[in-house]
């Protein structure tokens, strides 16, 4: 495999894990536009633990994931006091605070970034992405996942059915934050370098688009969305600088024709119904 | 017999702005009883439901369920104490399937981390799923339990709401206009189903405009008008009561 394609596969694996982080929170009805902030905490957490304490990735990656999950819990309480667009802005502001802190702290490398010496190779990234994918499918099949989807649809009714709303929403932020942090930690160890500029608002917007355009109704959505957003722009490279225009038009068309995302439950039901039908016939 | 009371509502009140929507309302639902809550539009019936289930905080009065004061508890704790409700306008989760909606109703029986992390969606023969499907079948719902509810007809969705509320195995079931929008055949079938539930020991508190339905399902009625209780007793008695007639038909007609 060429270096070019293995680089794209690495980004794809990281994007899938990152997208699932945003998806889990979105499943419970919360839009997180601070994805880059959580990813940055995971990346810098792993980098610092590796460089300062000499931990290996087998330790830094889980520790950074746990750290980001705890930050997710901490941030959930103030954020969950807000609603709708204000919640989106609150999460966005959180990410700005994170990159602001990184840029002003010399110990974190400031604008120069940090070198990460311990390397994690592509097969590990792909393996973790596969495990996260299976894990999120499992989560959506659990009663916790059902409670999350119910909160997304109708919070009052979910509460009146006995769903512990606040606990489930905080769990959504913890798991989602943890996965974004995991993506960041793997990014740091694979690309051997982290800098604050990478964790820009644009990254937060992109990952939210992966999830919203992929579809939030099933765990297939982020997988399809992240793959689409990672691979299609590369394929469009043959079109030169027109690729941005073509890609932008594709996104607008998707919003118009599939506002609930590329993969919806009705689409899956139709696909599976056809298979059942074919079996019978 | 006060010790026989399952639900005791005593002197409850609620005002929105300056408007007293519910004013000093009291009634009891005995264990296994079937009480109808009726009255003209705007009488405060749905507000009483919202006060009992904890959607709004009480301004005055107390609510006791099964000997436990629940009037100040959050909604979830009231569900755990043994009540469940349906809604005037269907409020099923549109993106969930019929059986998932019913399994959501089981939530009150499935607390604890183990229950939360059981992948019920992957266990088509698991006890939660079988329990939910059995309840749908018991209600006479001849549907594919995996159908997403937004694709199902109104009458069926209305009934799934009742089944979802039942899935918590409540001691008290609050139904807000369960027959609204149903055709006569569906209404008769729903009445039969509710009587069967009541025979199983579940107490019913029903808000409904269809008096024939109330007569068939309930053994006693409370009539509200402008937030106040104006009658309590049998349905036949309510029909003959001057105050009730006046509330429904206006002072001139009575």
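Using N, Cα and C of the backbone, Cβ positions are placed for all residues, glycine too.
Database features (TrEMBL):
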- A:6-24: transmembrane segment (TRANSMEM)
- A:31-49: transmembrane segment (TRANSMEM)
- A:55-77: transmembrane segment (TRANSMEM)
- A:84-104: transmembrane segment (TRANSMEM)
- A:124-146: transmembrane segment (TRANSMEM)
- A:167-188: transmembrane segment (TRANSMEM)
- A:203-229: transmembrane segment (TRANSMEM)
- A:241-257: transmembrane segment (TRANSMEM)
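Between the transmembrane segment (A:167-188) and the stretches A:31-49, A:84-104, A:124-146, A:203-229, it is A:31-49 that has the most C-beta pairs under 8 angstroms. Counting only same-chain residues 6+ beyond the ends of the transmembrane segment (A:6-24), those with a CB under 8 A from a CB of the stretch are 32, 35, 38-39, 122, 125-126, 128-129, 132-133, 136, 139, 148, 172, 175-184, 186-187, 190-191, 207-208, 210-211, 214, 216, 219, 221-223, 225-227, 229-231, 234. Beyond the transmembrane segment (A:241-257), the same-chain residues lying 6 or more positions past its ends with a Cβ under 8 Å from any Cβ of the stretch are 209, 213, 232-233. Same-chain neighbours of the transmembrane segment (A:203-229): 12, 15-16, 18-23, 26-27, 31-37, 39, 92, 95, 133, 136-137, 139-140, 152, 180, 251, 254-255, 258, 260-265, 268, counting only residues six or more beyond its ends whose CB sits under 8 Å from a CB of the stretch. Below 8 angstroms of C-beta separation, residues 30-38, 40-41, 44, 75, 78, 110-111, 196, 199-201, 204 of the same chain, each at least six residues beyond the ends of the transmembrane segment (A:84-104), sit close to that stretch. Beyond the transmembrane segment (A:124-146), the same-chain residues lying 6 or more positions past its ends with a Cβ under 8 Å from any Cβ of the stretch are 9-10, 12-14, 16-17, 20, 23-24, 27, 168, 171, 175, 179, 182, 186, 190, 218-219, 222-223.
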